[in-house]
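The block underneath contains the structure these notes are about, expressed in structure tokens.
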Amino acid sequence: MDLLNLTFVISLAALLSLVCCSYPVSAGDIVHHDALAPKKPGCENDFILVKVQTWVNGEEDAEFVGVGARFGTVIVSKEKNANQTRLSLSDPRDCCKPPKNKLVGDVIMVDRGGCKFTEKANNAEGAGASAILIINNQKELYKMVCEPDETDLDIHIPAVMLPQDAGVTLEKMLLTNDSVSVQLYSPKRPLVDIAEVFLWLMAVGTILCASYWSAWSAREAATEQDKLLKDAAEEFPNRRSDISSVVDISTTTAVLFVVIASCFLVLLYKLMSYWFIELLVVLFCIGGVEGLQTCLVALLSRYFMRAAESFIKVPVLGAISYLTLAVSPLCITFAVVWAVYRNTTYAWIGQDILGIALILTVLQIVHVPNLKVGTVLLSCGFLYDIFWVFVSKKLFHESVMIVVARGDKSGEDGIPMLLKIPRLFDPWGGYSIIGFGDILLPGLLVAFAIRFRLSTHHYTSSPHFT
């Protein structure tokens with residue numbers, strides 16, 4: 001394997017190890033079926049996420065997300081069926097004894113600890129509460145289950161647990177305002193969100209654009225070579241335009257990809273942190289700038305041919321065309337602006353533009369030379385996906401691929417090497433995302449197929465073909 005091929009496989013493996021699987025938000029992930037948590041009559045609800053919308057002095061305010069308990073009544077799924085109910089603070093705070101004040105249909109907020117969850121719920125229901133919000137003593141949510149020996153499970157009010165920070169905010173609201181009301185409901189996700197349709201179109205469109213660009217570039221190079229043969233230009237007998245910049249994957253490269261990608265993935269999993277995400281953002285911006293620059297130069301060179309064919313020597317970088325020199329500052333500025341504002345609601349647009357440009361460039365430069373290599377590469381990619389998404393759960397007690405793709409343990413909203421679109425019609429919000437690997441790997445094969453078809457047609461129609 002030559003140095004160029006080795007460099008490619010390391011770079012591609014590092015890129016694809018990050019996001020070789022898509023992780024779209026599924027329609028049922030607000031419900032968690034836990035086979036380990038005990039079930040019995042009166043304590044057999046599924047654990048579902050619950051929206052807790054607050055209203056302060058009659059005006060809509062903050063919204064929190066909690067989790068429903070195994071016991072109690074089921075939370076309504078439609079917002080219009082959920083009543084706005086006054087929120088009250090329990091006295092005593094843990095509600096391990098019957099509250100001193102009559103609640104008359106209020107939602108009561110209590111602290112976790114001191115007694116069983118079901119005891120708190122029974123005391124709240126006995127005082128006239130219409131629902132109970134149990135505030136956890138940690139920032140995470142906790143599944144409220146029944147003890148094996150419990151019998152008093154005839155509870156007819158819903159019970160919801162909220163994280164500690166939500167409880168602190170609600171308590172401040174109660175202490176500083178005259179009236180605080182809440183609305184409890186658990187809306188269902190749509191089976192298919194329009195974001196997934198657009199994400200599919202984006203991925204397929206990127207593959208097709210990159211494939212035809214690669215094929216047309218190869219065809220132009222072949223046409224230029226035919227002209228040289230026809231003119232018998234002995235000075236340039238083997239000139240092939242810019243084909244020298246193309247990297248052909250070998251069978252060894254395809255196999256080695258799995259090993260190197262796995263090493264990078266484990267490294268990312270072990271070192272995942274805020275600063276590591278920042279490093280990935282920098283690397284993504286560098287790749288995005290290069291990709292965006294390549295795409296813009298290729299697009300504009302047809303309109304500014306003189307600038308594209310005129311070069312200037314730059315220290316370290318070497319000879320660069322005037323067009324590249326003019327486009328580069330714009331690409332760098334775009335990437336920097338995205339990096340600075342990447343946590344805003346509209347930052348996904350810039351991330352997708354940089355990501356698509358990077359994918360287009362990779363598929364333009366990297367080629368599968370034959371069907372054998374394509375088969376080996378995609379087979380290795382399939383095994384890689386299966387192992388790190390599903391089998392890794394048995395070794396690491398969680399899916400390594402999904403943990404890395406979501407950016408867990410980093411405090412950030414996922415890694416940047418993803419295409420993402422907000423779920424516009426999903427009441428729970430979030431994003432539908434797809435990893436670069438899910439586009440690049442099939443894209444390499446599609447690009448080969450289109451190149452093969454066009455090159456075959458070219459040579460069969462060439463006057464030199466016999």
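Just so it is clear, glycine is given a Cβ too, placed from its N, Cα and C backbone atoms.
Bear in mind that TrEMBL entries carry predicted annotations, made automatically and left uncurated.
Computed from a predicted structure; not experimentally measured.
As written in TrEMBL, here are the features:
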SIGNAL    1-27  signal peptide
DOMAIN    96-169  domain 'PA'
TRANSMEM  197-215  transmembrane segment
TRANSMEM  246-269  transmembrane segment
TRANSMEM  275-304  transmembrane segment
TRANSMEM  316-340  transmembrane segment
TRANSMEM  346-366  transmembrane segment
TRANSMEM  373-391  transmembrane segment
TRANSMEM  428-450  transmembrane segment
So are the transmembrane segment (246-269) and the transmembrane segment (373-391) touching or not, going by 3+ C-beta pairs under 8 A with a sequence gap of 6 or more?
yes
Counting only residues 6 or more past its boundaries, what in the same chain has a CB within less than 8 Å of a CB in the transmembrane segment (316-340)?
281-282, 285, 288-289, 292-293, 296-297, 300-301, 304, 307-310, 347, 350-351, 353-354
In the same chain, who gets a Cβ under 8 Å from the transmembrane segment (275-304) while lying at least 6 residues past its ends?
15, 18, 213, 268, 321, 323-324, 327-328, 330-332, 334-336, 338-339, 342, 353-355, 357-362, 364, 407, 410-412, 415-417
For the domain 'PA' (96-169), what is the mean per-residue pLDDT, to the nearest integer?
90
Tally of residues which DSSP labels helix, strand or coil - the domain 'PA' (96-169):
16 helix, 14 strand, 44 coil
By a Cβ-Cβ criterion of under 8 Å, what residues six or more beyond either terminus of the transmembrane segment (346-366) are in contact with it?
8, 12, 15, 202, 206-207, 209-211, 213-214, 217, 245-247, 249, 284-285, 287-292, 294-295, 334-335, 337-338, 416-422, 431, 436, 439-440, 443-444, 447
